[in-house]
Amino acid sequence: MTALAAVPDLQDAAGPSTTTVHSPNYSGSPADISSSPTTRAVSRNTARQTASAPPNHAESSPPGNASPTGPPSPSGNNVSPHGRHQGMSKLRACLVIATLSGVSFLNTMGSGILTVSLPTMARDVRLDDSLLLWPASVYSLAAGCTLLVFGAVGHIIGPKRVWITGACLYAAFTLGVGRSATGSQLIAFRSVLGVSIAMCLPTAVSLTTNGFGAGRWRNMAFAFQGMGQPLGYSTGLILGGIFTDTVGWRFGFYISGGINAVLAICALVVLPSPPRHDEGDGEQREVEEEATDATVAAAAVNRSSRSRPLISRLAHDVDWTGTLAISASMGFLSYVFSVVSKDYDRMAAPQNIALLVAAALLLPTFTLWVGRQERLDRPALIPNSLWRKAAFSSTCAAVFFTWAVFNAFQYFSALYFERIEHITALQTSLRFLPMVLVGAATNIVTGYLVETVEVRWLVVVSAIFSLFSPLIMALVRPGWGYWKGAFFAMLLSPLHPDVLFTVSNLIISRVYDGRSQSLAGAVFNAVSQVGNSVGLGLTAVVSSAVARSYHGSGGVGNAMDPPTGRPQHLPSSPTVEATLAGYHAAFWLMFGAAALVTVITFLGLRRGGKVGAVE
């Protein structure tokens with residue numbers, strides 16, 4: 001909170017500022033709102049029917065979750081040069097950021113508790129060994145399959161409603177996890193938690209961009225949300241280890257659920273309501289004053305769309321076919337790679353092959369469908385024209401590979417500490433503390449630097465530093481000790497992911513117009529979620545294959561057996577060497593992917609500009 005309160009908030013001494021519309025022009029030059037592909041996809045057919053009609057200002061009453069007394073929209077004189085509403089106090093702005101970042105923190109805190117406590121949890125709820133990893137897997141699967149759905153729904157009914165609903169459900173079912181008496185209850189509650197967090201993650205982007213104008217406050221809001229993830233996971237690891245050995249693992253979920261309930265109540269009061277219907281994204285009104293044909297048509301589209309009943313808008317203003325097609329493809333991919341990460345022999349199972357084929361076929365189907373939607377001027381989830389923008393396409397590719405590497409790096413590092421160095425889960429969690437501290441500092445510094453430093457150099461330099469993390473772990477030997485090897489890998493690993501989190505949210509949110517920010521958040525989170533699953537699955541296949549070939553068929557087992565929370569005294573030195581060889585191979589694969597990210601961002605962000613600067 002202290003760091004947030006220190007954000008400068010200078011008054012605009014030069015008079016009224018000119019605020020332009022978010023656009024895919026990343027160098028910061030102004031662009032008309034009609035340049036947004038998402039706006040164009042919805043506009044022309046409806047505009048033909050409504051542009052000639054006189055404006056009906058009676059239709060501009062606030063929606064259900066809008067408040068006439070809420071903070072003004074981020075336009076013109078209502079926003080300070082650093083992006084904070086002049087009608088919003090610093091305390092309230094800090095509470096908004098803390099609330100949104102808090103759920104991001106609790107999301108990964110639960111995963112950290114689960115990672116350390118899973119063996120004890122499985123014993124207490126009598127979870128079958130064949131289902132041991134399902135409490136973790138179903139959470140990711142449920143979230144990955146519904147992120148885009150709730151991003152689209154939040155675009156229509158309002159991000160604040162969807163976010164608060166998700167936060168309330170997350171609080172309730174986190175407590176449910178703590179009260180689970182059977183394995184089936186544990187898996188079911190974790191599934192609902194995945195759906196609940198899918199309501200919060202994409203809409204948090206919309207609440208951030210609509211709640212803060214372009215500038216330092218928006219940058220810091222994204223930075224603190226990024227900081228919440230590593231802090232939450234590491235806190236979960238530490239608390240999970242402590243609680244499991246003392247008062248019991250259930251206490252960790254009770255604490256998490258209680259904090260979440262407080263955040264949900266706080267959100268009702270402090271979160272900004274969406275702009276009024278006739279204001280669009282809050283920045284459109286200034287553009288409309290220019291009275292160009294395009295902006296008049298866009299305004300007419302907005303009035304016509306908002307005047308229809310909610311059910312009609314949900315039915316016609318959401319690309320349901322595209323949403324379901326890409327969500328199913330991501331769900332199939334995530335499921336198969338989740339299964340394969342536990343036992344790569346299951347890749348040959350007929351049902352997994354069928355799901356992979358279905359996922360592969362759905363991708364070109366989705367591309368053809370959204371292309372058709374664009375040609376017919378209908379809503380398209382991710383218009384194909386966006387992929388022709390180097391900043392957008394390279395950012396999505398970087399997010400995919402970065403989250404694939406970072407997720408796999410954390411998991412394999414934990415395996416290395418427990419299975420090769422034979423230390424406890426609590427000792428393992430303490431070895432991740434440098435990652436947490438550096439990650440927190442990186443997010444705060446990035447929130448300031450995105451205003452003044454070219455995004456290309458921020459991302460590329462951080463990628464080069466983080467490149468050394470998997471390289472060190474690919475070479476490390478148990479005899480090195482923690483301080484000569486793994487310590488430096490932990491220090492460097494969060495630099496690039498935490499820089500990219502802030503930068504990518506700023507870039508992707510600029511591609512979508514202000515009314516579609518929930519979709520922007522859904523795109524980012526969906527890409528990162530698939531990256532998590534694919535990265536862990538592929539590294540698991542490589543690790544297990546190398547371990548088996550190293551030791552023949554004589555007893556290595558699966559190199560991806562999950563941490564048990566206890567020291568793993570392996571039966572023989574050859575087995576340890578085989579397992580270590582598998583881990584090294586996985587880290588080499590991560591190194592290759594991280595190097596690819598460096599090249600992608602260097603080439604793709606040449607015209608990235610300063611994405612955090614006030615336009």
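Cβ atoms are placed via backbone N, Cα and C, with glycine included.
Quantities reported herein were computed from a predicted structural model and do not represent experimental measurements.
Noted in Swiss-Prot for the protein shown:
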- 1-85: region 'Disordered' (REGION)
- 16-53: compositional bias 'Polar residues' (COMPBIAS)
- N25: N-linked glycosylation site (CARBOHYD)
- 94-114: transmembrane segment (TRANSMEM)
- 138-158: transmembrane segment (TRANSMEM)
- 162-182: transmembrane segment (TRANSMEM)
- 222-242: transmembrane segment (TRANSMEM)
- 251-271: transmembrane segment (TRANSMEM)
- N302: N-linked glycosylation site (CARBOHYD)
- 320-340: transmembrane segment (TRANSMEM)
- 351-371: transmembrane segment (TRANSMEM)
- 397-417: transmembrane segment (TRANSMEM)
- 432-452: transmembrane segment (TRANSMEM)
- 488-508: transmembrane segment (TRANSMEM)
- 522-542: transmembrane segment (TRANSMEM)
- 585-605: transmembrane segment (TRANSMEM)
Beyond the flanks of the transmembrane segment (222-242) by at least 6 residues, Cβ under 8 Å: 4, 97-98, 100-117, 204, 208, 249, 252, 255, 410, 424-426, 428-430, 432-433, 435-436, 439-440, 443-444, 446-447, 494, 498, 501-502, 505-506, 565
Contact set, same chain, for the transmembrane segment (522-542): CB under 8 Å, 6 or more residues outside the stretch: 140, 143-144, 147-148, 150-152, 198, 201-202, 205, 326, 330, 333-334, 336-338, 340-342, 344, 347, 382, 396, 399-405, 407-408, 411-412, 504-505, 508, 559-560, 582, 585-586, 589-590, 593
Distant-in-sequence neighbours of the transmembrane segment (585-605), which means Cβ under 8 A and at least six residues beyond its ends: 390-391, 393-395, 397-398, 401-402, 404-405, 408-409, 412, 455-456, 459-460, 463-464, 466-467, 469-471, 473-474, 496, 535, 538-540, 542-543, 545-546
Beyond the flanks of the transmembrane segment (432-452) by 6 or more, those residues with Cβ under 8 Å of it: 3, 215-216, 219-220, 222-224, 226-227, 230-231, 234, 237, 410, 413-414, 458, 462, 487, 490-495, 497-499, 501-503, 506, 610-614
Long-range environment of the transmembrane segment (94-114) - Cβ separation under 8 angstroms, sequence gap at least 6: 1, 4-5, 88, 121, 135-136, 139, 167, 170, 174, 177, 193, 197, 200-201, 204, 207-208, 211, 220-221, 224-240, 243, 249, 252-253, 256, 259-260, 263, 266-267, 270-272, 429
